[in-house]
Structures are given as C-alpha cells and as structure tokens.
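K.L.:
Here it is, the structure, as structure tokens.
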Amino acid sequence: MNNYRLFDTHTHFDVPEFDHDRELLAHQAKAVGVECLVLIGFLHSRFQDLIRTQHFINQLDQAPKSYLAPGLHPFYIEQHKKEYLQDLESILSREDCVAVGEIGLDTFLKEHKQPEIFKKQKEFFAAQIELAQQFDKPILLHIRKSHADVLTVLKQHKYQYGGIAHAFSGGIEEAKAFVKLGFKIGVTGQITNPNAKKLHQVVQALGSEHLVLETDCPDMTPLCCQSSHEHRTRNTPANLPYVLDGLAESLQLSKEKLALQLWKNSLQALHLSS
Ligand SMILES: [Zn+2]
C-alpha cells in the first residue's frame with residue numbers, strides 16, 4: 001500500500017478499450033493510491049458513455065471517486081455540430097460536473113491550420129469557455145502548437161475560474177503565463193522519459209505548487225510500462241504512481257511530500273474541498 005493519495009486529473013477511462021476490465025482496473029488504481037479521477041469528454045457521441053462510466057465507477061466499492069468533465073475536443077473539430085453545445089449545456093445543468101473539458105486549440109496537423117477550420121476551433125473553444133463561466137466551472141485545456149492563441153482567447157473572455165493545462169507541451173514562459181491566469185500544469189507519463197528535456201525544464205522552473213498529475217489513459221503510457229516498441233501499450237489509471245515517481249525524480253523531492261502538494265493542487269484546480 002502506497003503512503004499517499006493521488007488524483008488522476010485527466011483520463012479517458014470511459015473508452016471501449018476499458019469495457020472488458022474497467023472494474024478490475026479501478027480496483028487496481030485504488031489499491032496503488034489513486035483516490036480520485038476525472039473522466040474527460042472529447043466527442044458528442046461519447047457523452048452518454050462518459051456519464052454512464054462515471055455512475056458505474058461511483059457505485060463500486062474500493063474504486064477511485066470519479067468526476068465528470070464533459071466537453072468537445074479541438075482535434076475532432078470537423079465532427080462537432082453547433083447543436084452539440086446545447087446538449088453540453090444540458091449535461092452541465094443536469095449532471096454533477098466538476099469542469100468543462102477537454103477544450104482548447106490544436107494546430108498540430110496542418111489541416112487544422114486552415115483558416116476556416118481554425119476559426120471553427122476558436123468558435124467552439126469560445127462557446128465552451130462561456131458555458132464554463134455560466135456554470136462557474138474550471139476548464140481542462142488541450143493545447144497543441146497554439147499556446148499564444150489559447151492565452152489570447154482566455155484573456156479576451158476575462159476567464160477567471162482556472163483549471164488545468166493538460167499534457168503541457170509548451171515552454172517555461174508559456175507555462176508561467178497559464179499559471180498567472182490561475183491554471184495548474186498537467187504532467188503525464190512523458191515525465192518518465194529523461195529525453196523529454198523541455199518538460200523537465202518546465203516542471204523544474206515552475207516547482208511542485210503549480211503542477212498536477214494525469215495519466216491521459218489509454219495514451220501517454222509511462223516508459224517503464226511500455227511492453228513493446230512496435231505496438232502502443234494501453235495506459236491505465238493504475239500507472240499514475242509511475243508518473244509521480246518520474247516527477248519526484250525530476251524535482252528531487254520525496255514522493256510523499258510531492259504527492260501531498262499535488263493533491264492540494266488538484267483540489268484547488270477543480271474547486272473541490274476534500
Ligand atoms: Zn485527453
């Protein structure tokens with residue numbers, strides 16, 4: 001039994017890859033100290049499964065407490081329709097949601113840089129920021145190659161509820177700008193890779209008080225848990241202690257001390273009290 005409590009602030013534990021063993025993995029996660037996890041939205045077609053998964057996990061004994069953060073992901077922008085925003089609004093009013101996510105901008109693919117596609121990303125991002133403001137919720141940000149644009153949109157909206165910049169891939173100055181706007185920086189299993197130099201520099205420059213942990217499962221598998229170079233190994237919430245190990249090593253802190261700080265940060269970012 002690990003001597004700490006961990007919060008997995010970003011999971012896709014609702015996806016079909018977990019349908020056959022979700023209960024077992026939830027027990028395994030709890031057994032290694034994962035007390036809470038967030039289920040994040042990405043596609044409208046998955047909203048019902050996302051909600052069902054939260055209800056399923058929360059009726060299990062010896063499983064992490066599961067929180068809901070519905071939203072429409074910028075990478076899947078072509079699939080989003082305007083009316084989906086109304087469904088999102090109705091979920092936010094009906095269900096017990098902790099945040100809106102994952103939302104933001106993503107110009108990793110060159111198709112997404114095309115003006116009309118990028119404009120649609122910005123419209124959906126803006127509309128979901130407004131929903132978060134309407135419901136007083138933090139937001140969980142997905143940002144790839146668009147840190148300056150995301151910061152601009154947040155400032156335009158005078159957005160003040162904070163949240164988490166998930167799987168952070170920006171530099172030190174960008175990270176500090178998000179912290180200044182009230183955000184925590186989400187650290188994935190990439191921190192277990194000594195070659196992820198930029199990420200190590202960012203976490204070391206910021207210090208533990210601005211960071212939170214996430215698995216981003218089923219992706220971002222920590223290096224130690226990868227069983228093959230050819231095939232992607234499924235990541236699970238039970239791997240979160242490896243992310244803690246990697247971060248503790250990078251920051252030269254004891255795991256227990258770091259975990260306590262990260263737990264407080266997670267509650268703060270998600271406006272939870274205990
Ligand atoms: Zn995600």
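Any Cβ shown, glycine's included, is placed from N, Cα and C.
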K.L.:
Which of these, Glu102, Glu111, Glu123, Glu130, does TrEMBL say binds divalent metal cation 1 at the same site as His10, His12, Asp216?
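P.N.:
The record-listed residue among the candidates is Glu102.
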K.L.:
Taking 8 Å from the centroid of the Cβ atoms of His10, His12, Glu102, Asp216 as the cut-off, which other residues in that chain fall inside it around the divalent metal cation 1 site?
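P.N.:
Along the chain, the qualifying residues are Thr11, Val38, Ile40, Phe42, Gly101, Leu140, His142, His166, Ala167, Glu214, Cys217, Asp219.
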K.L.:
Do you know offhand how many angstrom separate His10 (divalent metal cation 1 binding site) and His142 (divalent metal cation 2 binding site) by C-alpha?
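P.N.:
Just about 11 Å between their Cα atoms.
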K.L.:
Just the number: how many Å between the Cα atoms of His166 (divalent metal cation 2 binding site) and Glu102 (divalent metal cation 1 binding site)?
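P.N.:
Rounded to a whole number, the Cα-Cα distance is 9 Å.
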K.L.:
Taking only same-chain residues 6+ apart in sequence, whose CB is under 8 Å from that of Asp216 (divalent metal cation 1 binding site), what do you get?
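P.N.:
Listed in sequence order, they are His10, Thr11, His12, His166, Ala167, Thr188, Gly189, Asn235.
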